[in-house]
Amino acid sequence: MLLCLQNVCAAETVEQLRQLAGESDYADGRKTAGWAAREVKRNEQVEAGPRIDTIRNLVRKALMAHPLFVSFAQPKSITRMLVSRYTQGMEYGLHVDDALMGGRRADLSFTLFLSEPDSYQGGELVMESVDGETEIKLAPGEVVVYPTAALHRVAPVTSGERIAVVGWVRSLVRRPDQREILFDLDRACRALFERDGKTAELDLLLKSKANLLRQWAED
Ligand SMILES: O=C(O)CCC(=O)C(=O)O
Ligand SMILES: [Fe+2]
């Protein structure tokens, strides 16, 4: 299951992120890819330094303050974040992300789009599944969160420039099916609260959700 999130960053934050990314120095993205992904990775990434530290802090803060992200991902930590740039002719062919990053399990991957979608051609994030391909290209400040277990690629950019922040989340809940149950219950509880207020039935559902999280969370 993948989730697209709107309004993760306020317009001023998007502007600040774009400015920081624009002023940064970039290096060949192959440095951070595993041995197989390196074969198909053609992009550039921001080098270590104060700018990327600021970018990471801004994005971490925005994501952790987004109720839908927290409910969907049950994040324990954001294990890695990179800023990547694709200019004309660049792409990231089909690959799977590393299961462990810095010794921490990666459960979910995300992309925060920073470039206006019509300012570049191509550059869709393409998810592969048994049902076929899903193409994702979002507006600046929007985020897609998807299972790190999935094969995916970034389609070739044929003109313009695509800048994005990509990152990985270690979840408190390892199993995607369990995360999905918690996410569904959370959304149902919130909708019931909106409709009927804090009823006895809502309390029972909230109790079950909390007890399932207690069973499944690895803190
Ligand atoms: O830029 C994206 O949307 C995803 C990039 C990616 O797959 C990666 O960096 O591993
Ligand atoms: Fe990837």
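Backbone N, Cα and C define each Cβ position, glycine as well.
Keep in mind that TrEMBL annotations are predicted by a computer and have not been checked by a curator.
If you check TrEMBL, you get these features:
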type	residues	note
DOMAIN	77-171	domain 'Fe2OG dioxygenase'
BINDING	HIS95, ASP97, HIS152	Fe cation binding site
BINDING	ARG162	2-oxoglutarate binding site
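The binding-site residues HIS95, ARG162 differ in how many other CB atoms lie within 10 Å of their CB, and the one with the most is ARG162. Here the CA atom of ARG162 (2-oxoglutarate binding site) lies 17 Å from the CA atom of HIS152 (Fe cation binding site). Helix, strand and coil content of the domain 'Fe2OG dioxygenase' (77-171), in residues and according to DSSP, is 3 helix, 58 strand, 34 coil.
Looking at HIS95 (Fe cation binding site) and ARG162 (2-oxoglutarate binding site), their Cα atoms lie 19 Å from each other. For the pair formed by ASP97 (Fe cation binding site) and ARG162 (2-oxoglutarate binding site), distance between Cα atoms is given as 20 Å, rounded to the nearest Å. Each of ALA37, TYR92, LEU94, VAL96, SER109, THR148, ALA150, LEU151, ARG153 belongs to the same chain as HIS95, ASP97, HIS152, is absent from that list, and has a C-beta within 8 angstroms of the C-beta centroid marking the Fe cation site.
All protein chains included, HIS152 (Fe cation binding site) registers 23 other Cβ atoms within 10 Å of its own Cβ. Across the domain 'Fe2OG dioxygenase' (77-171), the model assigns an average pLDDT of 97.
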